[in-house]
Amino acid sequence: MASSAGDPLLSGEAGEGRRRLLPSTIRLKTSVWSELGGAVGDLGTYIPIVLALSLASHLDLGTTLIFTALYNFATGFLFGIPMPVQPMKSIAAVALSSAHLTIPQIMSAGLAVAAILLFLGVTGLMTTLYRLLPLPVVRGVQLSQGLSFAFTAVKYIRYLQDFSRSSSASTSVPRPLLGLDGLVLALAALLFIILTTGCGDDEDVNRDGTNRSRRSCSRVPVALIVFVLGLVLCFVRDPSILQGLRFGPAPLGLVKITWDDFKIGVWKGAVPQLPLSVLNSVIAVCKLSSDLFPERAELSPARVSVSVGLMNFVGCWFGAMPCCHGAGGLAGQYRFGGRSGASVVFLAIGKLAIGLVFGNSFVTILGQFPIGILGVMLLFSGIELAMASRDMGSKESSFVMLVCAGVSLTGSSAALGFISGIVLYLLLRLREVDIGGLVGRWGAGRQQSTNKATGDGAGDA
């Protein structure tokens, strides 16, 4: 990794002194620009979901920005890696579907998932589950999620979107070739990222196996540049959005949840979300973090599970979108330069500033953000997550992983793919059992018991 000595903001004795004053979890591992680039690496997932919920379900964007900023601050200091904070995708999907959950029902679903994850974390059951799960099954979940992000990203790039109906509502209308949200713009952003960062490796490797120094262009915060370009284009596409901005944070208020809201939220929102939260938000995140940061101690599944629970027990009562951690977000922030907790702390500062200054009116700006650019950012996040599965060293492990991923993708259910992977893994283990040997030992044991019983009977006689 690059040293911070090359960063003018941290060079010299004064810079080193400032570094020592910071907690170790948010000390820069690379450069300020690299961490800033990683800070926006997950926005390809975050923006479409919160924008769709703000437009279609009247989610308060300002409140969500403020609370997710607080979550980012906490996770940056606690975990020391670019731990993402993402909306709970299954709850969002149900809320934007024909079922159309209300805000109290969305919050009820988030609170129910939070309670279960908090219980699993506090009791240590999440850690037990993490240790028992076979690696090929975990890799299958990661591969399916990564490819799912990539497929969605390609739709964002190729077709026009209608986020007033869904966070991934691709129309059948192809994206125009030219324009401020045209296909040429998206492809230009794609080429810029590829030429600047390549395949995302930290270091180039010589033919003799030794490492060459990182190319200078990899220090460029490409995701930040692309995101800032998108913000500028928002105002160019529709200058009148300035008139819709209102200064000041959104007023906080408790969400009133009835018993009927809670029942509907739990059944329709929490039940489909829970498997995804356990598998992708906790187990896959812990495994991916050990892959990306092998020099660090492995994340505790119990801590990650408790983190998700506590976040939502605070924010959901005030109408903030239910959130979790996610392997895709971690992969995206790592892909674009995030290497420490400083990355998400920078993101938290940006979210907090926007939430306090513009509140819910910022949705008018996001509504004009070029979706093709978001698709490009999401594409790299998905590919980075999917590439974590490249370490399967045997045909059998690859077989389990691919079946798990295939079922997850075709069935649109991580839980279904997970169950299929577990069953297949157990069946393959069963084939290795020496049935003949077991039968032989069982028969020999019975014969010995019979002989002993016969001998005892003759002695008594």
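The backbone N, Cα and C atoms fix where each Cβ goes, glycine too.
Note: TrEMBL annotation is automatic and uncurated.
Pulled from TrEMBL, these are the features on record:
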TRANSMEM  36-59  transmembrane segment
TRANSMEM  65-85  transmembrane segment
TRANSMEM  106-130  transmembrane segment
TRANSMEM  136-157  transmembrane segment
TRANSMEM  178-198  transmembrane segment
TRANSMEM  218-236  transmembrane segment
TRANSMEM  344-363  transmembrane segment
TRANSMEM  369-387  transmembrane segment
TRANSMEM  399-428  transmembrane segment
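A Cβ distance under 8 Å defines the sequence-distant neighbours of the transmembrane segment (369-387), meaning residues of its chain 6+ beyond its ends; these are 40-45, 47-48, 51, 142-143, 145-157, 160-161, 163, 175, 180-183, 185-186, 189-190, 193, 200, 223, 226-227, 229-231, 233-234, 237, 288, 327-332, 334-336. Each of 36-59, 218-236, 399-428 was scored by its Cβ pairs under 8 Å to the transmembrane segment (136-157), and the highest score goes to 399-428. Panel annotation: around the transmembrane segment (36-59), residues 82, 84, 86-87, 89, 92, 95-96, 100-103, 106, 149, 153, 156, 161, 163-169, 220-225, 227, 319, 321, 326, 328-329, 332-339, 343-344, 346-347, 350, 360, 363, 366-367, 369, 371, 374-381 of the same chain, lying at least six beyond its termini, place a Cβ under 8 Å from a Cβ of the stretch.
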